[in-house]
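What Swiss-Prot annotates here:
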DOMAIN    3-261  domain 'ABC transporter'
BINDING   Gly40, Ser41, Thr42, Gly43, Ser44, Gly45, Lys46, Thr47  ATP binding site
Amino acid sequence: MQIIVKNISYIYNRKTALALKALDDSSCIINQGEHVAIIGSTGSGKTTFIEHLNALLIPETGTINWIFENEHKKTKEKYLEDVVLKRTYFKKVKKAKDIRRRIGVVFQFAEYQIFEETIEKDIMFGPRSYGVSKEEAKQRAAKYLEMVGLPLEFLEKNPFGLSGGQKRRVALAGILAIEPDFLVLDEPTAGLDPQGVKDILDIFDNINKNGKTVIMVTHDLDNVLERTKRTLVFDKGKLIRDAGTYEILKDEKFLVENKLKSPKLITFVNKLEQRGIFLKPVTSIDKLAIELNIYLRNKQQSNE
């Protein structure tokens, strides 16, 4: 699957004194299998952007092309959903249900997406809404509950008695059970303890390794550095930079100019470089330790 975003803009409270341009002429292409971060200061347009990816919002101007295989056709022909986004005649997006099945969104307060009386029913709701049989939906509920790190005995529990972190996992399992091609996450680690953060990010890594696209909106640039390969940076509604994650996060001047705090690891690496110690690109503490050991070993050998 592929999403092609071309010059989209969006205005909240259009034609009122409170009108706010939340997106301004933004374009990008997101491909199947990518692991992408979306960063920017508060109010930069990140959440508004992701709400366009599965047609929850329709831009004032611009187009979004969703390209995916149409399994209802007998041939291998691909189905191209090309929406010319003009509010004057688009009351709703054609094929919106198809789009939303393929692009699952987990919002910041995912626990508010829970509403059924048991966890099993809650996870089953999405697949059943898209025509999956009851038996298959039950199998998916068990499969994805375990995938998010919760035991099968939770299936019969009432989700409202769970902790905040557990509710978030249940909400994630419900989206995964739809089996989307793209998984879009808005601040997925907010409010979690360090172990919970690691666990949930490991889940996203495994999903990505299985060929799914993972798009993560977050303020935690340390996690962005370690987990993602590509980063989109928003400021005042504009997509101002789209490049490799390491390239962007290594540019401390750029981050400061855009009110973003450099990852602690990058700050340390930059200080090493100021002292004449240059290492290969590192994205985690473990990789930093390896590169430092190599540097010290080489330095020792050169002094012998």
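Cβ atoms here come from the backbone N, Cα and C positions, even for glycine.
Compute the center of the Cβ atoms of Gly40, Ser41, Thr42, Gly43, Ser44, Gly45, Lys46, Thr47, which mark the site for ATP; besides them, the chain residues with Cβ within 8 Å of that center are Phe234, Asp235.
When Cβ atoms from all protein chains are considered, those within 10 Å of Gly45 (ATP binding site) total 22, not counting its own.
Of all the binding-site residues listed here (Gly40, Gly43), it is Gly43 whose C-beta has the fewest other C-beta atoms within 10 angstroms. A C-beta separation below 8 Å, combined with a sequence spacing of at least six in one chain, links Thr47 (ATP binding site) to Gln108, Asp186, Val217. The predicted model assigns the domain 'ABC transporter' (3-261) a mean pLDDT of 88. Secondary structure at Gly43 (ATP binding site), as computed by DSSP, is coil.
Over all protein chains present, the Cβ of Thr42 (ATP binding site) has 8 other Cβ atoms lying within 10 Å.
A count of other CB atoms within 10 A of each Cβ picks out Ser44 as the most crowded of the binding-site residues Ser41, Ser44.
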